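J.: According to Swiss-Prot, the protein has these features:
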type    : residues                                               : note
BINDING : Gly30, Lys31, Asn32, Ala33, Gln34, Gly35, Lys36, Thr37 : ATP binding site
Amino acid sequence: MYLDHLTVQNFRNLKKLDVDFDPNVNIFIGKNAQGKTNLLEAIYFLALTRSHRTSSDRDLIGFDGEYTNLAGHVQKSQVTLNLRVLITKKGKKVWINRIEQAKLSKYVGQLNAILFSPEDLELIKGAPSLRRRFMDQEFGQINAEYLYFASKYRQVLIQKNNYLKQLAKGKAKDQVFLDVLSDQLAGIAAELIYRRFKFLTYLSHYASDAYTHISLGSEKLSIAYHPSVSDITADDTTEEIYQKILNSFNRNKASEIRKGTTTSGPHRDDIEFKLDGKNAHLYASQGQQRSIALSIKLAEIQLVHQLTDEYPLLLLDDVMSELDHGRQSALLNYIHGKTQTFITTTDLEGISWDIIKKPRVYHIQSGTISLEKEN
């Protein structure tokens, strides 16, 4: 799949843009704070209806603006799509081929995009919440069921935690209602965890292959999922996972009431990246961590292709300068002829021109884009 046209109105500092893209490689050059990252964020939002930089959609509406409008023309192997997202201060709406969608889950997945930025190193060395967000965003865009269960889990979790707080403060007494919420949450959690195990198995396989390709070394990369309910295993059925989570909720009921929060479940789970069985967070060098982060992104590309039969867009936000020539070459060779790629950079030095042949180059300044070089 590829995005051949993008329209942007009032997205951060991008006031009004109409841009045609090359189906292969598009490079955007410009100084910092001119709008390069905002452009990739706009494409990412068009695909996933959420930002990788903020949890508040209001932050995306340009200064003095009342709304943000994004529209894209997408070419897929079997179909052509017109996608649109409208963000207002009251919320957001989405359209597919000019038909408004009642649910975001019907929209997400029409356009797949994988983003790689310098912040992705935090995926290996950062907090568990970053890795959980990674799973929900990346798996949600390729599987509608995962997206549904992740959204439903958040809703019921908030409801249960609010009720736990009422119990903790003595404003509620009925623990039967708490049991109902725990049972409902355990059922949704089981569906979510089952799918996480499944997707991480695929991702680990592809990431291991990609790491070998990038590092040219003998180390083996693997990904392990660590449920907060420790007796859950990858071989469990959804019914077995449900029962184990419900047992955990029941065992910890008094503690949860006292703390006013749910102490176990998918919102407390984590994933671990290992090199030869050792925790990469603790033992990997910065170069190894960079290779792991890159391998995960390449694995995502393969996972999207496996599950959708389409290659996603690849958004490289100021990462080429972070990669040495060997890693650049490995990345570009890996994606060559597969993905439509968008690259932002402050200058063209350091780009592996022997691999990137005939890109379309744009210049970005103060939120406006001009075509600098046609391929």
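Residue numbering: from 1, along the chain as shown.
Note that Cβ sites are derived from N, Cα and C of the backbone, with glycine treated the same way.
Surface or core, plus neighbours and distances: that's what I need for these features.
T.: Within 10 Å of the C-beta of Lys36 (ATP binding site) there are 25 other C-beta atoms, taking all protein chains into account.
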J.: Which residue, out of the binding-site residues Asn32, Gln34, Thr37, shows the minimum number of other Cβ atoms inside 10 Å of its Cβ in this structure?
T.: Asn32
J.: Other residues near the ATP site, CB within 8 A of the CB centroid of Gly30, Lys31, Asn32, Ala33, Gln34, Gly35, Lys36, Thr37?
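T.: Other same-chain residues near the ATP site: Asn38, Thr344, Thr346, Ile364, Gln365.
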J.: Given the binding-site residues Gly30, Gly35, which one has the fewest other C-beta atoms within 10 angstroms of its C-beta?
T.: Gly30
J.: How many neighbouring Cβ atoms, not counting its own, are there within 10 Å of the Cβ of Ala33 (ATP binding site)?
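T.: I count 11 other Cβ atoms within 10 Å of it.
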J.: Check each residue in the chain of Lys31 (ATP binding site) that is at least six apart in sequence and keep those whose C-beta is under 8 Å from its C-beta; list them in sequence order.
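T.: Correct list: Thr346, Gln365.
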